[in-house]
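Per Swiss-Prot, these features apply:
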| type | residues | note |
| --- | --- | --- |
| BINDING | Asn9, Trp10, Lys11, Gly171, Ser211, Gly232, Gly233 | substrate binding site |
| ACT_SITE | His95 | active site, electrophile |
| ACT_SITE | Glu165 | active site, proton acceptor |
Amino acid sequence: MRKKIVVGNWKMNKTVTESLVLAAEVTAALGEGFTGCDVGIAPPFTALYEVGKLTGSRLALVAQNCHFEPDGAFTGEVSASMVREAGCSAVIAGHSERRHCFGETNAIVNRKVKHALSEGLQVIMCAGETLEQREGGVTGDVVTAQVREGLLGIDDISNIVIAYEPVWAIGTGKTATSEQAEEVHLLIRNTVSDLFGEEAAGRLRIQYGGSVKPSNAKELFSMPNIDGGLIGGASLNAADFVAIVKAAV
């Protein structure tokens, strides 16, 4: 039985002070000793250290991104070792906004995954198709390529989580049904099985990241290949986020 994992991605929201308030609200609402599923939050870089001091081991601290080089002349970038030292145990790689706003390719995502793993971080690697790709009938090709190329040259996926983000269902007014999400999650698991074997694929946790809300979380998380969520907007409200977390139990 795969343990569900729910991570709140705060994106470019919340000052340090606001982040501390939200983190405190989440930990208080979850209560002491919550073990029903793995829970993490990904505040902005500026708040990581302070939030980590506040939450301790009660919540996994996740970085929203990192560079693929350990150091050097890369103005504005942050390395995996830097976020690890700030208290992070995990990092997101290849989020759809990084791909579409900043031009990150599958090859770049692959380098980030490898570097983060080498620093001992868990990696949440994202994959997903756009509305144009969905309507063009190439969802399978796009997602399979993202998974295959993102995991190229990696031997051990035990510290990897994959998050499926149907970009076409985020902010477009279109909604992915639980069946549509499950179909792609199964495709991802089968792709990983082809690469790493059935046993490794069976252990892999695959999150769903397409506008999860308290109202649809339970149904999504009941699907056999959906192992939790990578939560965007709803994670900025403690009550909504905790409701989603508890739907995973």
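Cβ atoms here come from the backbone N, Cα and C positions, even for glycine.
Note that this is a predicted model, so its numbers are computed, not measured.
Other Cβ atoms within 10 Å of the Cβ of Asn9 (substrate binding site), summed over all protein chains shown, number 25. Distance noted between the C-alpha atoms of Ser211 (substrate binding site) and the residue listed as 'active site, electrophile' is 14 Å. Considering only the recorded positions Asn9, His95, Gly232, Glu165 (active site, proton acceptor) has His95 as its nearest partner by CA-CA distance. Around Gly233 (substrate binding site), the same-chain residues six or more apart in sequence whose CB sits under 8 Å from its CB are Ser211, listed in sequence order. When the Cα atoms are compared, Asn9 (substrate binding site) and His95 (active site, electrophile) turn out to be 10 Å apart. Of all the recorded positions given, namely Lys11, His95, the one with the smallest number of surrounding CB atoms inside 10 A is Lys11.
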